[in-house]
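Undergrad: For reference, TrEMBL lists these features for the protein:
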TRANSMEM  20-41  transmembrane segment
TRANSMEM  53-71  transmembrane segment
DOMAIN    230-410  domain 'FtsK'
BINDING   246, 247, 248, 249, 250, 251, 252, 253  ATP binding site
Ligand SMILES: Nc1ncnc2c1ncn2[C@@H]1O[C@H](COP(=O)(O)OP(=O)(O)OP(=O)(O)O)[C@@H](O)[C@H]1O
């Protein structure tokens, strides 16, 4: 059948040591040709089956084309080929969203898989050290699938046995540059599988207008702005504490004001009280009338207000003990949100040592015991170092806006956050592009989410004050 079979050449290879004392002759075991053919055929069929499972639409189109050609001739097949793009174009013009969801993103994913990822996979894996070249063979992580949406490619990868997530997280720079993306984020899909997110553009590059004030009084998650996939971002403030860190001009104010804005109806209904501590007097003072008597700027007044919050917390703890383990906001026991702008003014830069200790102790008490009884803290600060904010680990949910140094990212979000793609030190310092943009790491999810808070302008705040201050039950 075959004039020459695999092994025929090898059998004739003979090597010797220099003095020819020892002769090496490879032992060649002959495999019957039929076995080789069966193996090749089974591989061919398995490959075809894989092709059908992975690309059902492309295979169906090819099969339809073949069937039409066979049954009706090549002219009809050509007409069909011309008909499909025009049908697709009409669909895209009539209903862009459904066309993109069902066809557009899949085609793009197919193209990017072949042209970007498959083409560069082997060199990027070997050069970055994620693949191995051993004894003439390449051992590469498997590219499982590529999915696209409006702003990013999501590449699912099966790691090599024995690899750890940190091996990948440490090489996000290699991966981003290797595949021509501005950044790369690593998330765990399941044991042994990762999803690499490669953004194609920045969907958060444009400022967002303030979110409309909700119609109903709700103490659930507050809509703050937008995620990268265009969905609204809602931040839970009841039942947790939130720390917001960002350099000067990073847009901390938009997070504080968006939170207040989302809670206004609940404040009016008496289900929420916002207690404002504004040591810089530049942020919350603008809407001071919204907080009524629960506003403090002077450090001594701030300490008193915090002590009052601790008293409320302890009184509730005494009352709830043995009866209930979580808090439901009511008019009698509203959710108390203590907002602190530039908390470092009170905890680190305060020259009066006694006052500083009193404030730190009150904040530590609130953040350790407050959430079960409906007292939460949301604090903003510029410098996240431990010397400045030694209780930062007591905040379960953290937000890193633009930071000056890469090491600060893990200080705010926790270990490994930057390696997983929370590049808060790369956020643009240009306010239009980067103010309000940040990475959120929640207690319940280790993967940082990139979000932009809507911009609550001075005009918006004035309107909020005009509409809600006089009629607020909390005032
Ligand atoms: N979400 C946003 N979208 C677009 N622009 C914003 C946003 N938030 C803030 N800005 C712009 O950035 C500027 C700085 O914002 P802001 O004062 O809130 O920063 P900050 O982090 O509180 O700074 P500082 O700590 O110095 O007070 C604002 O004047 C505004 O022009």
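Residue numbers in this text run from 1 along the chain shown.
The backbone N, Cα and C atoms fix where each Cβ goes, and this holds for glycine too.
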Undergrad: Neighbours of the ATP site 246, 247, 248, 249, 250, 251, 252, 253: Cβ within 8 Å of the Cβ centroid, same chain, sequence order.
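TA: Here the non-site neighbours turn out to be 382, 401, 402, 435.
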Undergrad: Tell me the coarse DSSP state (helix, strand, coil) of residue 252 (ATP binding site).
TA: helix
Undergrad: When the number of other CB atoms within 10 A of each residue's CB is tallied over all shown chains, which of the binding-site residues 246, 251 has the maximum?
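TA: Ranked by Cβ atoms within 10 Å, first place goes to 246.
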Undergrad: Validating a neighbour-count step here. Other CB atoms within 10 A of the CB of residue 252 (ATP binding site): how many?
TA: 27
Undergrad: Would you report the average pLDDT that the model assigns to the domain 'FtsK' (230-410)?
TA: 91
Undergrad: Which chain-mates of residue 253 (ATP binding site) that are at least 6 residues away have a CB under 8 A from its CB, listed by sequence?
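TA: Listed in sequence order: 283, 341, 456.
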Undergrad: When you tally the Cβ atoms that lie within 10 Å of each candidate's Cβ, which of the binding-site residues (247, 250) has the highest tally?
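TA: By the 10 Å Cβ neighbour count, 250 comes out on top.
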Undergrad: How many neighbouring Cβ atoms, not counting its own, are there within 10 Å of the Cβ of residue 248 (ATP binding site)?
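TA: Result for residue 248 (ATP binding site): 11 neighbouring Cβ atoms inside 10 Å.
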